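Working notes, structure below.
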Amino acid sequence: MPDLLVIVLKLLAVAAGFAVLPLLIGQAEHKVMAHMQGRLGPMYAGAFHGWAQLVADGVKFAQKEDVVPAAADRRIFKLAPGVALVPYLLVLLVVPVGPHGQVALDLGPGLFFALAVMGVGVIGAIMAGWSSANKYALLGGMRVAAQLMSYELPMVFAASSAAMAAGTLSLSGIVEEWHWWWLPWQAVGAAVFFVAGLAELRRPPFDMPVADSEIIFGPYTEYGGLRFAFFLLAEYAGILVLCALTTVLFLGGWRGPFLDTELGWLWTLVKVFALAFVVIWVRVSYPRMREDQLQRLAWAWLVPLSLAQLALTGAVRVLAA
Amino acid sequence: MGAVGRLPGGGLAKGLAVTLRTMTRRSVTRQYPEVPPDLAPRSRGVIALLEENCTVCMLCARECPDWCIYIDSHKETLPAEGGGRARTRNVLDRFAIDFALCMYCGICIEVCPFDALFWTPEFEYAEYDVNELTHEKERLREWMWTVPPPQAPDASGEPPKEIAAAEKAAARAARRPGGGSA
């Protein structure tokens with residue numbers, strides 16, 4: 001019976017994290033981006049520095065009419081936001097936040113599961129682009145597909161480098177094996193993983209598929225109301241998942257300079273939010289990359305770099321053994 | 001900074017540095033309705049009329065480039081005290097400025113010989129109806145309460161001509177023996 005209780009509590013914790021942390025990241029994006037541009041950002045909602053802005057946005061989205069274009073593929077169109085959002089919730093299940101089983105589901109091949117499910121999230125955007133019966137949505141969907149094809153490869157290579165270094169596919173296992181000298185050793189892999197993840201989430205500067213000023217938010221052109229809000233939530237949940245995975249694979253998860261066992265979850269959160277800050281920072285600092293530049297970056301830089309990292313990891317493992 | 005820009009990837013680092021530095025600075029946003037703006041001294045917000053000083057000389061209305069000042073008046077005859085010719089006096093019936101036309105040049109204020117018109121920094125008098133932008137003399141008189149005191153002269157500036165002339169004359173008189181009388 002206590003086992004069942006523990007499982008329920010863990011699932012509740014994951015659901016709460018999934019509901020709250022993306023909103024925190026979204027609010028941070030509002031405020032950080034504003035201050036990086038010399039503005040204040042939201043100041044009214046919630047009376048204190050606009051803390052309730054995203055709640056207000058949610059209320060607004062919920063009030064809007066649920067529109068499906070006449071020519072749209074109705075079932076796919078309605079399903080797409082769910083397909084975009086739910087995978088990130090599933091990934092959070094296997095991400096360890098602390099030592100000694102502070103994870104909802106300690107999966108043996110956790111890394112494999114996380115990467116596979118994360119890829120499904122992108123399918124949601126492709127479905128949306130295809131089913132909207134809109135040329136901009138279709139263009140965006142195709143670009144999403146092209147981006148997924150090119151960036152999934154270096155991302156998987158970089159992740160497998162971490163798995164190879166640890167000798168396990170279990171996410172908790174990878175953190176257990178982590179040592180500080182992984183930082184220089186796996187630095188290239190970490191950078192490639194993070195950049196490829198950003199591209200897969202279609203975050204600026206890799207947001208060509210949704211380029212709002214060119215193809216009007218791409219796959220999401222025809223969406224409004226709650227379905228659109230789900231896509232936005234999926235983007236922030238995606239940031240959370242990407243930062244959590246980068247933390248676990250390359251930055252040592254719950255490992256910190258002190259109090260690893262007591263404050264492990266806090267170390268994880270601190271690292272996740274530091275990475276989320278970098279995500280926002282990069283978004284504010286760089287202009288959008290052109291479609292051909294995106295492909296070039298993936299194939300001419302990230303893939304060779306991740307392969308080199310893989311070779312380095314393998315060589316060090318063999319020589320050390 | 002220049003050396004960083006020339007390294008490979010230095011441009012990327014520079015971009016990140018710019019945004020990070022901007023974040024640590026105070027933002028330039030003004031919280032206008034909550035926090036009143038700090039206006040420059042002598043801001044031209046609206047024109048106030050001190051009706052008591054107006055002699056209906058019509059100079060302001062004539063000089064106005066937009067013809068946005070409307071003045072109506074009539075003459076009153078006052079019997080002179082203790083005999084003599086009766087005196088006539090101008091009485092102001094209407095003085096209105098149409099701020100929909102006004103271009104805030106301030107010529108009327110410059111030209112007024114009797115200090116009846118003043119700038120005030122108040123600017124929040126937008127209306128839903130353009131006709132209500134014509135402020136009649138009662139409203140123009142109300143603006144008088146918002147006229148700021150004149151600015152003190154700049155301590156490091158040149159003294160006014162009158163004072164300089166008076167000081168020069170005093171110095172000359174002091175130099176001349178015998179108190180200065182010829």
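Placed from the backbone N, Cα and C atoms, the Cβ positions cover glycine too.
Just so you know, TrEMBL annotations are computer predictions that nobody has curated.
These numbers come from a predicted model, not from an experiment.
These come from TrEMBL:
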TRANSMEM  A:6-26  transmembrane segment
TRANSMEM  A:79-98  transmembrane segment
TRANSMEM  A:110-130  transmembrane segment
TRANSMEM  A:151-174  transmembrane segment
TRANSMEM  A:180-199  transmembrane segment
TRANSMEM  A:228-252  transmembrane segment
TRANSMEM  A:264-286  transmembrane segment
TRANSMEM  A:298-320  transmembrane segment
Long-range environment of the transmembrane segment (A:6-26) - Cβ separation under 8 angstroms, sequence gap at least 6: 54-55, 88-89, 92-93, 103-104, 232-233, 236-237, 239-240, 272-273, 276
The transmembrane segment (A:228-252) versus listed stretches A:79-98, A:110-130, A:180-199, A:264-286, A:298-320: most Cβ pairs under 8 Å: A:79-98
Cβ pairs under 8 Å between the transmembrane segment (A:151-174) and the transmembrane segment (A:264-286), at least three: no
Folded-back contacts onto the transmembrane segment (A:298-320), same chain, C-beta under 8 angstroms, at least six residues removed: 147, 150-151, 153-154, 157-158, 160-161, 164-165, 167, 185-186, 188-189, 191-192, 195-196, 199
